[in-house]
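Feature annotations, courtesy of TrEMBL:
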type	residues	note
REGION	B:15-61	region 'Disordered'
COMPBIAS	B:49-59	compositional bias 'Acidic residues'
DOMAIN	B:101-311	domain 'Yip1'
TRANSMEM	B:120-140	transmembrane segment
TRANSMEM	B:161-180	transmembrane segment
TRANSMEM	B:200-224	transmembrane segment
TRANSMEM	B:236-261	transmembrane segment
TRANSMEM	B:267-289	transmembrane segment
TRANSMEM	B:296-320	transmembrane segment
Amino acid sequence: FAGLSDISISQDIPVEGEITIPMTSHIREFDSSTLNESVQNTIMRDLKAVGKKFMHVLYPRKSNTLLRDWDLWGPLILCVTLALMLQRSSVDSEKDGGPQFAEVFVIVWFGAVTITLNSKLLGGNISFFQSLCVLGYCILPLTVAMLVCRLVLLAEQGPINFMVRLFVVIVMFTWSIVASTAFLADSQPPNRKALAIYPVFLFYFVISWMILTFTPQ
Amino acid sequence: MAAVGDLQFEEFGNAAATAAENPGATTISIEGPGESPTHQAGLPRGSGGEEDDELLGNDDSDKTELLAGQKKSSPFWTFEYYQTFFDVDTYQVFDRIKGSLLPIPGKNFVRLYIRSNPDLYGPFWICATLVFAIAISGNLSNFLIHLGEKTYHYVPEFRKVYNSLALSTFTIIVNPRIFWKAVKQGQIAIGTYSKQNVQMSIAATIIYAYAWLVPLALWGFLMWRNSKVMNIVSYSFLEIVCVYGYSLFIYIPTAVLWIIPQKAVRWILVMIALSVSGSVLAMTFWPAVREDNRRIALATIVTIVLLHTLLSVGCLAYFFDAPEMDHLPTATAAPNQTVAAAKAS
């Protein structure tokens, strides 16, 4: 270190130059890329995301797509469709024993929130909205079952009619459970998987019961 | 200044040996996370439930009290506080359910299965399943009973199931005044439902209220007696909630089997369920009141069993229509046959 002690800056070396910041127009254009796009682009992008997730539910493989990019559009569409289809044609609400629109909504969302809270309390490392997203999307098979049941009910009623509907609802119910288990099971600690899956089973069972006992009058 | 050769690590592994050699030295032993004796009470994970039985004979009430105090250390507004109530594994929940189904005289449910790790998972989900089981089975059973009647319009009465949880919980918690007004007018605040459905909501609310308020009253009573008479065994509030919740499990298969519309079968089922769950409760609380005045002890046990009987018989009789009209081929007693014949003609 001794050798550096006699270095000094001589007075006659000019220290000058230009310091400029490049224009920021580049950056602003980059930021607003999704704001400036056309509405059609935005909608198509969201629809494609929803459609991709529907495919994931119909062919459940262990993948992280549903969990990573969660959205609640799909569950909303499914819930509204299911609630609309569970309406009856009769205006007389006194005799009407079936669920009203608001009841289906509250059952689905309240049930999903309860299951999410339960899995988080048990120590699962899934976020609140990710879990809502998975549970909502996995109602898709049951919505399909509702569609099929409504079509089957157009034919004459009887035990065969009931058997067909029962079979369809049972198949779709197992499909829902398998799909949601494929996505949710990995986020739970290994010795508590059954504890976290049982409420999901109860939830889809109640929805299946609603679908099975639907009779348009 | 010390030479380089003197700078060596000295082994401080054996704190006891060091303490023995050098009485004046202070020794601190730091154990690894897995070996800490203050870890969760008696729950070696993955080793099954057999080890729990080994500790049954020990009077580890002191240790369990200490550990119970150490467990709930988070303040009540954090999420972690509530996570401590769900700190159970699958095999533990199954063991507790098994314990509630097979009451063994002399073995205490709380000591054997709960061991100062009460959970809220069991009571909550067992009550939820019970509410749905009763509503759905009642529905099915009424459908089967009235199957032959042309005038009976099958109404799924889904509102029973829906009302039973969502509405009653929400409305009572959010605004009890509105709930009471709606009850008096025969409707619930959110929509217009028939009087029957209001009664259904009340009935299902009773199950959840029973699972919380009766343990509260019992706990208060036991604490009061504890201050007068020194009892060895005292239970925390959550442990009592746990016992009550798990003791309701037997009613789930009972409710499902009540679909069978035979009076004799139904009475036998209710007797079995009542004896099993009543004996679990009685055997749990007998050690807590044993030291007390004999009359008070007996009165307590009798009250517990009586309330349990009221709940079970009341709920089942309320949701399930009486099977007096037998359109099924298998007839029961002679009076029922004549009634069925009169209706069929």
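Here, residue 1 is simply the first one shown, and the rest follow in order.
Every residue gets a Cβ built from N, Cα and C, even glycine.
Computed from a predicted structure; not experimentally measured.
If you look at the transmembrane segment (B:236-261), the same-chain residues 6 or more away from its ends with a CB under 8 A from one of its CBs are 68, 85, 96-97, 99-101, 109-110, 114, 116, 118-120, 122-124, 126-127, 129-130, 133-134, 137-138, 140-141, 144-145, 207, 210-212, 214-216, 218-219, 269-270, 272-273, 276-277, 280-281, 284, 308, 312, 316, 320, 323, 326, 328. Within its own chain, the transmembrane segment (B:267-289) has Cβ neighbours under 8 Å at 99-101, 103, 105-110, 218, 222, 225, 231-235, 243-244, 246-251, 254, 257-258, 296-297, 300-301, 304-305, 308-309, 312-313, 316, counting only residues six or more beyond its boundaries. Counting same-chain residues at least six beyond the ends of the transmembrane segment (B:296-320), those with a Cβ under 8 angstroms from any Cβ of the stretch are 134-135, 137-138, 141-142, 160, 199-200, 203, 206-207, 210, 214, 218, 221, 225, 247, 251, 254-255, 258, 266, 270, 273-274, 277-278, 281-282, 285-286, 289-290.
In this model, the domain 'Yip1' (B:101-311) carries an average pLDDT of 77.
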